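Listed in TrEMBL for this protein:
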SIGNAL    1-31  signal peptide
TRANSMEM  55-73  transmembrane segment
DOMAIN    66-516  domain 'Cation/H+ exchanger transmembrane'
TRANSMEM  85-102  transmembrane segment
TRANSMEM  164-181  transmembrane segment
TRANSMEM  193-219  transmembrane segment
TRANSMEM  308-330  transmembrane segment
TRANSMEM  350-374  transmembrane segment
TRANSMEM  395-416  transmembrane segment
TRANSMEM  422-441  transmembrane segment
TRANSMEM  487-511  transmembrane segment
REGION    668-691  region 'Disordered'
COMPBIAS  681-691  compositional bias 'Basic residues'
Amino acid sequence: MGCKMNAAVSFLRRLSLFVLVSSLCSCPCRAEDSAMENIVTEKKAEESHRQDSADLLVFILLLTLTILTIWLFKHRRFRFLHETGLAMIYGLLVGVVLRYAIHVPSDMNNVTLSCNVNASPATLLVNVSGKFYEYTLKGQISANDVDDIQDNEMLRKVTFDPEVFFNILLPPIIFHAGYSLKQRHFFRNLGSILAYAFVGTVVSCFIIGLFMYGCVMLMKQIGHLGGDFFFTDCLFFGAIVSATDPVTVLAIFNELQVDADLYALLFGESVLNDAVAVVLSSSIVAYQPEGDNTHTFEAMAMLKSFGIFLGVFSGSFALGVATGVVTALVTKFTKLRDFPLLETALFFLMSWSTFLLAEACGFTGVVAVLFCGMTQAHYTFNNLSPESQDRTKQLFELLNFLAENFIFSYMGLTLFTFHNHVFNPIFIVGAFLAVFLGRAANIYPLSFLLNLGRRNKISSNFQHMMMFAGLRGAMTFALSIRDTATYARQMMFSTTLLVVFFTVWICGGGTTQMLSCQKIRVGVDTDQETSIGPDGVERRSTKHESAWFFRIWYNFDHNYLKPILTHSGPPLNATLPACCGPLARCLTSPQAYENEEQLKDSDSDLILNDGDITLSYGDVTVSTDAAGAHTSGTPVGGVAVNSDEALDRELAFGDHELVIRGTRLVLPMDDSEPPLPLDSHRHRHKNETMS
């Protein structure tokens, strides 16, 4: 028994010694393997960094080449191709090179394994020799592309996440549209613009959706449909292609100085209908009938989607305006104007955060940032220092230019780098016909109805031009690329690219010829008060052509909101009831009282009082009578100025401002004209008084 125990102890000692020696021998090997893995990982990270830098360099070179070619076109006065169409062509060329001319060698370390699961997991944990590695889902590839995985990886690297477009590229484009909005002709055509943007977009959406549903049924009958395609998908396609973006046409209009009313109608419709199309598409996605079949028509689900449309749009509108109001109050009651860099930075961050805040709250950032831009232009801009005013305008103009050209370059690139294109000839031809019919159903019937109540009719040549100028662009592309997971969405995206290419190249390139064909006058001074009626007779525009709703709004705005949110307007103790005296003194800016005293002491000759020019602190005429008392809305010369005349001058405001003793005097001049000296204004006023 004792011998057995001694033998067992001896065996255990030998075994422990063997394990110890084995572990000591294996430790250097494991450490060496770990070091090699770290070296390989670092090399891969460095290669990936270089590849990402090269991909971004491609887009930078694309934009640089586009800018140089744009300069050449402008220098040669070549108007057949706009900068956006040029960016698309360069993107197409680079896409062809990346797809067919560059081949990446296969990586021998790639391993293909098969396992049966019900759905593709977003994150995959793989156990390799006791070590867990995390892999993320990049997308589906076809069985034919398994051998070309490296080429697919290279093309996938130049394909951006769709959220990049919505969160980074779209906000400056939409904000610039609202921030650069000219009030004068926009508000004179406000009713027509709202009709085209809201009613017209909805009508266009349903016309296109119904027509495309017929095409889908035809494809199903003849066996050309490779997947599910429901009526809600057709309506969604109608919503995204109803978003117009006539950037090419508007650039030519601005260069040729086309009739200001036509420009206002097209620009106003494109600005607002982008917002409507975004909310409309999200409402269609939210359409969920009860029961097993989620694609049948149900009245309650339809009403619920309509309620979502109203709720999202109104909530986004309120959020955008609220952000603009907060920024206006901050810039008014602080000394930020003494530090223009900080002031500009705050303005930029508050404006951009509006988009992200709306998206985070479940609203639509496009609507929020659009109305934030309008609010910032109307209120906050007046509180900024002159340096910040110039900086904010130039900053968002630059961001708008770069973002827009980047998107159009990327459109050309994705035609060859996107892997899941579905091109169906029947669907493509049907889409072009549907877009034409939807645009016609938007413009012509609404124009007929609007002309019944308009004094300044929308002439037939204007209607034809608006029909022709219904280009599709950045918003349509961004909405279509946001979701390409299903067969229907992939077909929509591929068709949308072709629609954008055709409208930008053909319709945009033919703008000058269309203007000549329709005999629409060019070289029009945007400040003049005459227009050509449908009978061809020149007539003078009147202040009564402004939207009646805006006239009511204007009286409330210049009496209460402007004094509260800006340094301009009459002191609140002159407009609020006497019981609100303490509140009025708290909210009224000290500059308002200073402006009032300065205007009282001014010479009676310093009156800028013609049809378009008014002397005001902010936008309200203040004068003194013979006794020295001031009267709001009455010039010193004793000529009565009612609120309608003040509104007419408000609509005539441009971007030029004359600053005298801290008082902003708004002079409505076109951007191309230098400010007139004060003596010339006195001379003009005296001539009008004598006449």
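Including glycine, each Cβ sits where the backbone N, Cα and C put it.
Predicted automatically and left uncurated, TrEMBL annotations should be read as such.
Counting Cβ pairs under 8 Å that are 6 or more residues apart, the transmembrane segment (193-219) and the transmembrane segment (395-416) reach fewer than 3 and are not in contact. The recorded stretches the transmembrane segment (164-181) and the transmembrane segment (350-374) share 3+ CB pairs below 8 A when only pairs 6 or more apart in sequence are counted, and are therefore in contact. Counting residues 6+ beyond its ends, the transmembrane segment (395-416) has Cβ neighbours under 8 Å at 59, 62-63, 66, 83-85, 87-96, 98-100, 158-160, 165, 168-170, 172-173, 175-177, 179-180, 247, 344, 348, 473-474, 477-478, 481, 497, 500-501, 504 in the same chain.
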